[in-house]
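Some features that TrEMBL has for this protein:
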- 36-210: domain 'Phosphoadenosine phosphosulphate reductase' (DOMAIN)
- C121, C122, C204, C207: [4Fe-4S] cluster binding site (BINDING)
- C232: active site, nucleophile (ACT_SITE)
Amino acid sequence: MTVVNIIEEAETLNAKLATLSLAERLSFVAGLGVRVVFTTSLGIEDQVITAEIGNHRLPIDVVTLQTGRLFPETLALIAETESQYDIHITRYEPEQADIDAYAAKYGMNGFYESIEARHACCGVRKLKPLARALAGATIWITGLRRGQSANRAETPFAEYDAERHLLKMNPLADWDIDTIKSYVADNSVPVNPLHARGYPSIGCEPCTRAIKPGEPERAGRWWWEQDEKRECGLHVAEEATAVAAQ
Ligand code: SF4
């Protein structure tokens, strides 16, 4: 599939996916005959997608970035999810040599000191493993929702990821958090117990705090930084590459 094909596919797919249910969205891309990868952080949105993939036995590779700094609750949920849905979640980990080089330059927790140091850590622990996870994939599925933050308010169902040269699909783009919670309750989906302790968005343990009442869902991520658009780099290209925001 060429870049032009992918861009055209994104435009077409974006319009088509808007008319489908979540199960239909996932089934449709799973039936395209290309490698489809779903990256899960084990957050509540991602658990909904995993439940659909597992329950419908869809041929979609489920992977997670095991950064080495995750909460124990998240690690336990990976195993619980695999067991409940009889699936395998492939862990992609950082290279030890990269971690050592980072620690030598910035210190193991150097990410608190500067944006540059934080991006470097996310680069080593997330972006490089993500590149390996997506190697050979044509479609990348994420759990992005428009309601998660102002930065994600225009999230389309499908977009061309120019940096990774693939088609990124966001099948929960139009779901709100109440719909997510209802799905989880109705379908006994296992979720991270941290959500009930004030963590709507969960990443690495040293970079995530509980939010206060009234704060945006992602306010607890890299809370010490002032940039309202702070992200880890996985999804920063979304605005530039969105081909047909809904
Ligand atoms: S979220 Fe924090 S610990 Fe995790 S990779 Fe990024 S900077 Fe490093």
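These residue numbers are counts, starting from 1, taken along the chain as shown.
Placed from the backbone N, Cα and C atoms, the Cβ positions cover glycine too.
Looking just at the domain 'Phosphoadenosine phosphosulphate reductase' (36-210), the mean pLDDT is 96. In sequence order, Y102, Y106, G110, F111 are the residues of the chain that are 6 or more apart from C121 ([4Fe-4S] cluster binding site) and have a CB within less than 8 Å of its CB. The Cβ of C207 ([4Fe-4S] cluster binding site) lies under 8 Å from the Cβ of R69, F111, R118, R221, W222, each on the same chain and at least six residues away in sequence. Every protein chain considered, the tally of other Cβ atoms within 10 Å of the Cβ of C122 ([4Fe-4S] cluster binding site) stands at 23.
The Cβ of C204 ([4Fe-4S] cluster binding site) has 22 neighbouring Cβ atoms from other residues within 10 Å, across all protein chains displayed.
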